[in-house]
Amino acid sequence: MAEPLSPSASSSFKQNFDLVTPEFEEDPKLLWGVPVPPFVSDKVVSWVEENFPSPSPPQPIEFRGLNVLKKIENVRMIDRYNSKNPTVGVLYLTATHLIFVDPDANKETWVLYMHIAGVEKLPLSTTGSPLLIRCKTFLSITFVIPKERECHDVYTTLMKLYQPVNIKNLYCFQYTTATKDLPKSAGWDYFKLENEFRRMRAPNDQWAPCVLNQNYELCDTYPQQLYVPVEASTAMLLGSSRFRSKGRLPVLTYLHSNRASICRCSQPLSGFSARCLEDEQMLEAIRRTNSNCGFMYVVDTRPRINAMANRAAGKGYENEANYENIKFQFLGIENIHTMRTSLQKVIECCEQKSPTMNSFLGALESSGWLKHIRSILDTSSFIANAVDKGISVVVHCSDGWDRTAQVCSLAALMLDPYYRTIKGFQALIEKDWLAFGHKFSDRCGHIQNDPKEVSPVFTQLLDCTWQLMQQRNDAFEFNERFLLILHDHVMSCQFGTFVGNCEKDRLDLRLAEKTFSLWGFMSNHLNEYINPLYRPEMDETIRPNLAPQCIKFWRGMYSRFESGIHPREPLDDLLIASKDHSTSLDDHVQLLTRRINSFKNMISKSAKRLQGNKYVDNRGIEVNDNRYNYDKRLSELSCADDDHPLKTSNFSFSNLATTEYNENNVDVAAVTDEINSVAIDWKPLRSVPNCPSCSIPFDQITKKNHCWKCGEVFCSRCIDKTAALPGHESGNPVPVCRNCFREVQQVSP
């Protein structure tokens, strides 16, 4: 057995090793970029360089400005509706996207890594290794990669990239916009919680702001700004917070015009017999804020059996004997695990290869999804009807951040028409979901975490909103595309708005400084979200019909990537195009009317100048004959001296009219530009299969946009400019394509 080196031996060994270790000069010779020891002669270095040239490093591959990590050719993309004729193309892996390019159809399929819900390697086939990718946007796509090794590399790469371990590795922290129209600060200051409560006329003589949560000491998942009854003392607030799960005590979330309110909290830690006097006093103080009614509802959104089961864990529900003047209601919305399983069954239902009517409807029924949507709407409708009648409601589920957020926001949506506008719906999400602590990062699976925490809670909110829109489309300012964009960007993490589980998380991550806001992005695309059937005067409470026949399957969400089942053009897009076309023509007519009036004034002045002597006809009546005056003037002009100011080689009365036209400061060329700057005829949407600029084929998802100058149809990426057209009286900037933008701005291409 070798003995360990003594310190002196170790030092000696180091000295001897230093003797053979080459010491480089300050600027050593380089061979292929590597330093060469000084004992290697220059001749040897020169001989190696001459006979063995330096291998050139591989050139980096780029695709549309993105660095490509891996490129695989001859990849097949299988459409489950057309599996016999797969699409063959090139697969690119970048730092943020997986991109499949079909060169024959000139079609690109982009998959954001953050949108991926799962990756699965399927059994080997004769054509290669299949890789199934399921997305949170309900896109299901299969790639067949020729070599198994390459398929494994793609699989391992995707597994590392689609769900980061650290929240600071999310896409929003690396995302930068390609345009300068969106500063990073845009959107972060659009909504202030105190401004929203001020709109609801709080604080007032019954409700006051609470300062106990300024440092998130009372409840770290609540916002800093809380509104509680004026009668609530500090001891009452602290005691109620300790008695409620996660410290989420009852606080105000919506105040109606009739003084009835909606308050939210979590379940009490009552167990089988525990009680809290402060919590009882807190609920009584909330009831007394509304003098119009002698009682109040406490709505537990869970099934009664679930609430009873929680008692064994020291939680549960309020004991009716301890709370006076309160009526308790259990309304049966299932938990997050049931909802997750239900959505998975919906996905399987939509992924059937050859669905029949029976198989599709049977699978949809067995998923229970529509039943869950109806139960959420039913609970929300109960709360809205109670508040509309002047009865205050306190709502809770288990922890008060899932089902409670759903029903509180939907009840407010039914009651208040402001929340049915684009700005109001965003404010509703900011208040009931972001400020009051819905766990977006956990529920949407933004980072690697317990998969049992993932659940489609926010997706259900959007589905319920869509159900209301189907019954009262004229009551909503926004359209279906608005909901889809909102859903996709909650999942994408492209913007920092929905990153984190509560307000405190977002402040700690400094998202407002480091990331872009979704609201800022959407403010630049408001024209895409407008509902043309919206009537602002429809300000009454929405009372949905919850009969089973009225609850619909949202094809536009869960089956939106399936070809052949959607209308060629959505009705909203056709109506908006017709409305925009009419607006453009009306604006153009106003300018032409003004020009015609100026022409009439000019002609009137010219006529007065041309009017001369009158003559008497055979009846003895004086007649002013323009033809007679015209001939007389020409005769006088021909007899005049050569130096007469009007006697020139190019004289004509038309030139005289043009001269007078110019005297009125009107440029003939400018008038021509005005007339030609507005497209009178717009190309029909259905006759344009591809974008004429980038050749991207249109599908049921891609919005078609008209250029107001040339009337052609483009995709949203190719019509990202606006300009004021000379032919419009208003001078408002309107959408134009890039070529027309350069023409209007007189910029050479």
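Note that Cβ sites are derived from N, Cα and C of the backbone, with glycine treated the same way.
Bear in mind that TrEMBL entries carry predicted annotations, made automatically and left uncurated.
These come from TrEMBL:
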DOMAIN    187-558  domain 'Myotubularin phosphatase'
BINDING   N335, I336, C397, S398, D399, G400, W401, D402, R403  substrate binding site
DOMAIN    367-428  domain 'Tyrosine specific protein phosphatases'
ACT_SITE  C397  active site, phosphocysteine intermediate
DOMAIN    685-745  domain 'FYVE-type'
Report task. For the recorded substrate site formed by N335, I336, C397, S398, D399, G400, W401, D402, R403, name the remaining residues of the chain with Cβ within 8 Å of the site's Cβ center, in chain order. Result -> S266, T301, T404
Requested in this report: Enumerate same-chain residues with a sequence separation of six or more from W401 (substrate binding site) and a Cβ-Cβ distance below 8 A; give 'none' if the list is empty.
Outcome: T221, R248, S266, F436, G437, H438, K439
Query raised in the report: Same-chain residues six or more away whose CB lies under 8 A from the CB of R403 (substrate binding site)?
Result: T301, R302, I333, I376, T379, C397, V457
Query raised in the report: In Å, how long is the longest CA to CA span across N335, I336, C397, S398, D399, G400, W401, D402, R403, which the record gives as the substrate binders?
Result: 12
Requested in this report: Under 8 Å Cβ to Cβ from N335 (substrate binding site), same chain, six or more residues apart: give me those in sequence order, or none if nothing qualifies.
Outcome: R302, N306, S398
